[in-house]
Amino acid sequence: MLPSTSVNSPAQGNGVLSSRDAARHTAGAKRYKYLRRLFRFRQMDFEFAAWQMLYLFTSPQRVYRNFHYRKQTKDQWARDDPAFLVLLSIWLCVSTIGFGFVLDMGFFETIKLLLWVVFIDCVGVGLLISTLMWFISNKYLVKRQSRDYDVEWGYAFDVHLNAFYPLLVILHFIQLFFINHVILTDTFIGYLVGNTLWLVAVGYYIYVTFLGYSALPFLKNTVILLYPFAPLILLYGLSLALGWNFTHTLCSFYKYRVK
């Protein structure tokens, strides 16, 4: 799960890495270690994961500075502790149940919504975006003099999780308090509040994603990851002019999916 690994690794001793060292640095070994820890809650540092979640809102740069520290101490950028993923999953489940309650869904409808949000919105879309960003960053953003390094898929997925968490809290938690009495009232104030929350949430996703890739010293021109802000702001302005309520569309889609 290393985001940067040297293709031409320095030799050790007689010029060949020991089998133990080679295994330790393979993506497969790291993936196995990560998945094994996923079922050992006592080995997870939930306090540190909660700290990261807090700073993703207040100072996301500090989160990625910790990624630098991990690279220096453990020779990997990506998380080796699944505590963040576990807490994110809990947030996702609780907020989705709240969404079902606010939309007056029944028990089985809420379960269907939960399965859809977890396996499609989070896992499916997350795998797609992570793979796309992994391909783009390796294909176009690696510096010419750093061709021996590449962005590993595991780090791309970590960046997605970092960016997804603020979006989740804004759209699946904070927004719940405004849906029935403000956002879905078919008034200008309604879609102004709703669409502004979408603007902030998606904007946060773009910004945290940019910070994640700009933290890698072997990448160049990462500022292009901020370019989606332009169409986002344009879409926001058009939605207000046309009276298009993003949250109303989302709620209608959710209700359609659980029928």
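Any Cβ shown, glycine's included, is placed from N, Cα and C.
When the topology recorded in Swiss-Prot is consulted, Glu109 and Lys220 turn out to be separated by the membrane. The average pLDDT computed over the topological domain 'Cytoplasmic' (137-163) stands at 87. Only residues 6 or more beyond the boundaries of the transmembrane segment (223-243), in the same chain, are considered here, and those with a CB under 8 A from a CB of the stretch are 188, 191-192, 195-196, 198-199, 202-203, 206-207, 209-210, 213-214. In terms of DSSP helix, strand and coil, the topological domain 'Cytoplasmic' (137-163) has 19 helix, 1 strand, 7 coil. Within the chain, the topological domain 'Lumenal' (104-115) has long-range Cβ neighbours (under 8 A, six or more residues past its boundaries) at 93, 96-97, 254-255, 257-258.
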